[in-house]
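Participant: TrEMBL lists these features:
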TRANSMEM  33-55  transmembrane segment
TRANSMEM  61-81  transmembrane segment
TRANSMEM  102-121  transmembrane segment
TRANSMEM  133-152  transmembrane segment
TRANSMEM  167-186  transmembrane segment
TRANSMEM  198-220  transmembrane segment
REGION    234-259  region 'Disordered'
COMPBIAS  234-246  compositional bias 'Basic and acidic residues'
COMPBIAS  248-259  compositional bias 'Acidic residues'
């Protein structure tokens, strides 16, 4: 009986493994891995956070309710934008590079705003633990939600490409970590008693902010290739000149001639 239960559990785990594997795009890049790690950290963080709120009393419940209310608002906005984009591209049944590009740009832009929010606020008000906790718990899962709805699905069709000789991704990486160093230095100097909160917020949010900015500008520059070129349709910007048509009527039958 135990062997049968073990075999069933093993089969279920294998099925789960195949489902997860099917959802992960092929040819994963380092930015992809960081974003998937962020999704995992967000799920774990939300579970721990709910446990913390349930086990606490007093003002922390207000933070928890505020977080859940903001999640509901963000979810409503995200679903509205998702429906808008779906209606915008309701014509063709195939996924074009333009559709994927638009979806990714919306997703990355919204995620960048959410990623910078706790990083900026913790510098402006490092002693306000409640609001810093609020912004962290709002940003982490919201970025993951946007990633799964707008970005991950598009990446199954089109892959973002990088070249080692490109300067922009390296510039974004350098600027983000300079910002990390400067913000930590300012926090240690101006508010030495609040360094723990500043440290963890900046450390947690800097990698995902960097990746989101790198991916956003790569998509904006058109650095996309079809994963399966047989199933995808790439939009090519070609200048075509069409001559106007002049309808001339002859006996019994109109004639169409080019001007």
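Quick reminder: no glycine exception, Cβ is built from N, Cα and C everywhere.
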Participant: Counting a contact as 3 or more Cβ pairs under 8 Å, with residues at least 6 apart in sequence, do the transmembrane segment (133-152) and the transmembrane segment (102-121) touch?
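Facilitator: Yes, these stretches are in contact.
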Participant: Under an 8 Å Cβ to Cβ limit, what residues of the same chain, 6 or more beyond the ends of the transmembrane segment (198-220), are close to it?
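Facilitator: For the transmembrane segment (198-220), the list is 31, 34-35, 38, 41, 101, 104-105, 108-109, 111-112, 115-116, 118-119, 122-123, 126, 132, 136, 139-140, 143, 151, 160-162, 168-169, 172-173, 176-177, 179-180, 183-184, 187-188, 191.
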